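**Q** Found this in TrEMBL, in case it helps:
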- A:21-41: transmembrane segment (TRANSMEM)
- A:82-99: transmembrane segment (TRANSMEM)
- A:111-132: transmembrane segment (TRANSMEM)
- A:138-156: transmembrane segment (TRANSMEM)
- A:214-234: transmembrane segment (TRANSMEM)
- A:257-284: transmembrane segment (TRANSMEM)
- A:296-314: transmembrane segment (TRANSMEM)
- A:326-346: transmembrane segment (TRANSMEM)
Amino acid sequence: MSVTMSMPQAAERLPRLVGRSGLLLASLLIIGLVVGISVGIGDMPIPLSTTYAVITNKLGWTSFELNRIHATIIWDYRLSRALFAALCGAGLALAGAIMQSILRNPLAEPYVLGISAGASTGAVLIVILGLGAGAVSLSSGAFIGAFAAFLFVALLSNGARGGADRTILAGVAASQLFNAVTSYIVTTAGNAQQARDVMFWLLGSFGGVRWPEFYLALAVVGLGLVACLCYARVLDAFAFGDEAAASLGVNVAQTRIILFALTAVITATIVSMVGTIGFVGLVVPHAARFVVGPRHAVLLPACAIVGAIFMVLADIASRVLIPQQSLPIGVVTALVGVPFFSVILYRLQRAS
Amino acid sequence: MSIKAENLIWKIGTKTVIDGVSFEAEPGKLLGVLGPNGSGKTSLLRLLARLKRPHAGRVVLGGQDLATFRRRAIAKRVAFIEQHATTNANLKVIDVVKLGRFPHRSMLSGWTREDDTAVNEALARTGMSVKRDDAWHSLSGGEKQRTHVARALAQSPQELILDEPTNHLDVQHQINLLRLVSSLPMTSIMALHDLNHAAMYCDRLLVMQEGRIVATGTPEEVLTQRLLRDVFLVDAHVETSPHHARPHIQFAR
């Protein structure tokens, strides 16, 4: 806050600041609660109180007597998974909000840049063709593929000196190309089992997530959020398009590249670890905008929070909808997301 | 010293859109840019606001080559209003006007009293104060355009560039907007289609044809029967209006 701010303004700001901090705290509590619930659900149900006791024990705050199997399951398997789900939702929603603002297209989402298609190509190159001779993991392959697709789109759309529409078209072209390559490899070189593995991975699963993945995602999504928040005002300036932004003093080309690269890193990181999880990046920003309005300084944190909660809930749903079996998370986000999205669309229509 | 163009050339591919344009805007006056469709009016305005870079020649702003300015420095001085920029974001009038303060604020600075004053004055000047909390989508075309002018004024510019701001407005809103723009104290450059409006509200006129300037001067000097025939390809009679003493054009049937 600036020192030149006048007193009456400061007086107006204080309650707003308190209100916002309260909201933030409440949101974090809700995330904590849903993460706790998520941790308790599984083949071995664990009560919420045990979950929190394990966490406080591990943090060294308490020393309850606890079942060691419970402690291991919670700490080593389920907690990392639930927290990762929260980060994943936050990251995808954030990336979606950025894409929608900068491309000024309500349908834009992280995968518009062909990132998921690139990731899948990278993955099949490793899994089926055995590229990298075991030295490169599936995740790294997917990350490289995702980034290759992003560079392809960046070159194609900037080479054409394009605006927002060109970027979207370039993204569609990239998606088609990389999906075709993936299908080609799967049909010509893969066996049925490999095809099934790739398919399952593509639809998304938090199954393989442990602490190392969580820390990496925490760093990427955390830094991504901070970086995007620095651009909040610049994103506001894009409201009336590229030219209006430029005439307000925004370096449009540079901003685009930086923000695209940020979304690409966030998305590629997530996709490479858990596969493609659609719809979160599309739906959550709309929901958040509907509640908190279009100002990015508020919208971006709201997207991260709503995205986190939504994804943890989706992860819970993926494990309880069908007994003894877990659905791919991408299936759940779409099944839950579409009706929810329809409600928003309907209400938006009535509001306007 | 205001804004000046020196031998500007700008091309799309091999087609020369702006072909050696030089002129200087008089400080504090309203300069109207006229010309048929495709004569290069919009391109010229974009070059002046540095939304495009000239292939040759330069724009001089306050005695300094525009190419040496940073984007933000240009935006602090020159405000640009597009033909009909709109948004699908659910913004309020006040949010749009506040965008005008963007070039004056650094990444982390808060909202200052100076920002507040600029925004309030811009709203008052454009008559949008009462609508400050209205949603952008609820505004009429005229109100949207006034909001754009308010946003531009909030930039506290010394030069204001407007690209056919009265397009798609009804007569009442056209006149209101032109009155507003001609009453502003800064140097303004405005592209216009309606020749009578140009004659009534502009201090000086500049006529473009195929990327070149073919006439400059006061409305009386520029708007002649011959120019209307040669440049706009219409037959018309030009008289001095008994009501406002400016040239009045009556087109032949």
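Glycine too: its Cβ is placed from the backbone N, Cα and C atoms.
Note that TrEMBL annotation is computational and uncurated.
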**Q** Residue list, the transmembrane segment (A:257-284) vs rest of chain: Cβ under 8 Å, 6 or more residues beyond ends.
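**A** Same-chain contacts beyond the flanks: 84, 88-89, 91-99, 102, 107, 109-111, 113, 115-116, 118-120, 122, 139-143, 146-147, 150, 154, 158, 200-206, 208-209, 213, 216-217, 220-221, 224, 227-228, 231, 235, 303, 306-307, 310-311, 314, 328-330, 333-334, 337-338, 340-341, 344.
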**Q** Find the member of A:111-132, A:214-234, A:326-346 that has more C-beta pairs under 8 Å to the transmembrane segment (A:296-314) than any other listed stretch.
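**A** Result: A:214-234.
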**Q** Looking at A:82-99, A:111-132, A:326-346, which one has the highest count of Cβ pairs under 8 angstroms to the transmembrane segment (A:214-234)?
**A** A:82-99
